[in-house]
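Pulled from TrEMBL:
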type     : residues     : note
DISULFID : CYS69-CYS84  : disulfide bond
DISULFID : CYS87-CYS100 : disulfide bond
DISULFID : CYS90-CYS108 : disulfide bond
DOMAIN   : 68-108       : domain 'TNFR-Cys'
REPEAT   : 68-108       : repeat 'TNFR-Cys'
SIGNAL   : 1-24         : signal peptide
Amino acid sequence: MFTMMLASLFSLALLSAHVALVIGVAAPLLTFRVTDPITGGSLECDRCPPGTFMRASCTATQKTRCATCPPGSFTELWNYIGKCLRCGVCGHNEVEKTVCTADRNCQCQCKQGYHNKYDMCVRHSECPSGQQPLTKGTPDEDTVCQICPDGSYSDTTSALQNCTLHRSCNAPGLKLVLKGSIWHDSVCTSCEELKSRDGGDYLKEIIPAFFVHHKMTLRRLRQVVHKLPSEDGKKQAGASGLNLSELHARINTWVASASANQIRQLPEILAKTGANGASERLKSKLQRIDSNLKQLCALGNEVDVLSF
Ligand SMILES: *[C@@H]1O[C@H](CO)[C@@H](O)[C@H](O)[C@H]1NC(C)=O
Ligand SMILES: *[C@@H]1O[C@H](CO)[C@@H](O)[C@H](O)[C@H]1NC(C)=O
C-alpha cells in the first residue's frame, strides 16, 4: 500500500515535470511563412539568429539572408526584421552593468548609493542615530538597519557608518559620569576635573547627539533656537529661514559657548516649545548626572557608582 502510494506519487511527479517542460520552455520559432511572390504559394523561411537581422527573405530557390547587427544595435530573438533595434540608454541614476552587444541590449543598474524601487533608482535609506547598517544597500536592495549592539552608539544618520564602542571610563583616575546609550557616548571625568565642573557641563557633551536623535519638526527646532539664551541675555537672532542642518549648527555653536547654568535651562526651553517628551528625557539625563556626581568623589569613596 505504502509502496503503491510512493509509486503513484513518483509518477505524478514525473508527469508534472513533463508538463512543466512542455509548457515552460517554449522552443524559439526558427522559421516564418511568406507568400511566394511568383507562385502565390506559401514558403517557409528560416529566421535570422540573435545578433543578426534579415537582409533578404528566402525565395523558392534561395535561403533567408541574414547580416550582423551594426554597432549600437542588437537583436535578442530569432527574427525576420529588416533592421536591428537601437541599443538602450541607461536612465536617471543608473549606470551600465553590461554594454550592448549585437545579441543583447545593454543592462543597467542603479548607480552607487541607489537601489531599484518600483523601477526607479532611489537613494539608499540612512540608518538613524542609535542604529547601524546590518546590511549595506546594493543596486537592488535598500539598506537594512539594526539597533546599535550593546556597549556601542551612533550619533549620526548614515547609510554606511557603524556604531562606535562607548569610551571606557576604567582608566586610572577616571570616573563614569553618565553611562553611554545607543545614541550617545559615555561621559567620564576625573575627581580633579569635577572640582571645577557642574552637571550642566557634563550634560553639554551629549546635547549635539541629543538633537540628532530626538528628531523635531523644523518649526519646533526654530522655536528652540529662538529661545536659547545668549550671554547678553538677548534672544537669538531670527531662525525663521534656517534649514535643519543650519539649525543644528546654531544649537551646537550655542552649546559650545553656553554656561552650565544656561545648559540647565534646556529642558525648560524644550517644554516651552511643547517638546515635552524630549524635555523629560533631557531632564532625566541631567538628574542621573547630578546624582552620580554627588557620589563619585566623596571623601574616601573611590568606588565607581553603577549607572542605571
Ligand atoms: C561595519 O562593520 C561591518 C561588520 O563588522 C564591516 O564589515 C564594515 O566594514 C564596517 N563598516 C565600516 C564603514 O567600518
Ligand atoms: C541648508 O542651507 C545651506 C545654506 O543656505 C545650504 O548650503 C545647505 O545645503 C542646506 N542644507 C540642507 C540639508 O538643505
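Including glycine, each Cβ sits where the backbone N, Cα and C put it.
Predicted automatically and left uncurated, TrEMBL annotations should be read as such.
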Helix, strand or coil at CYS90 (disulfide bond), per DSSP? coil
Select the closest residue to CYS90 (disulfide bond) from the following disulfide-bonded residues, measuring between CA atoms: CYS69, CYS84, CYS100. CYS100
List every residue in the same chain as CYS108 (disulfide bond), at least 6 positions away in sequence, whose Cβ is under 8 Å from its Cβ. GLY88, CYS90, GLY91, GLU94, VAL95, GLU96, LYS97
CYS100 (disulfide bond) falls, by DSSP collapsed to helix, strand or coil, into coil
Hey, what's the Cβ neighbour count for CYS84 (disulfide bond) at 10 Å? 23
Cα of CYS100 (disulfide bond) to Cα of CYS69 (disulfide bond), in Å and rounded, measures 11
Rounded to the nearest Å, what's the C-alpha distance separating CYS69 (disulfide bond) and CYS87 (disulfide bond)? Just drop the number here, would you? 11
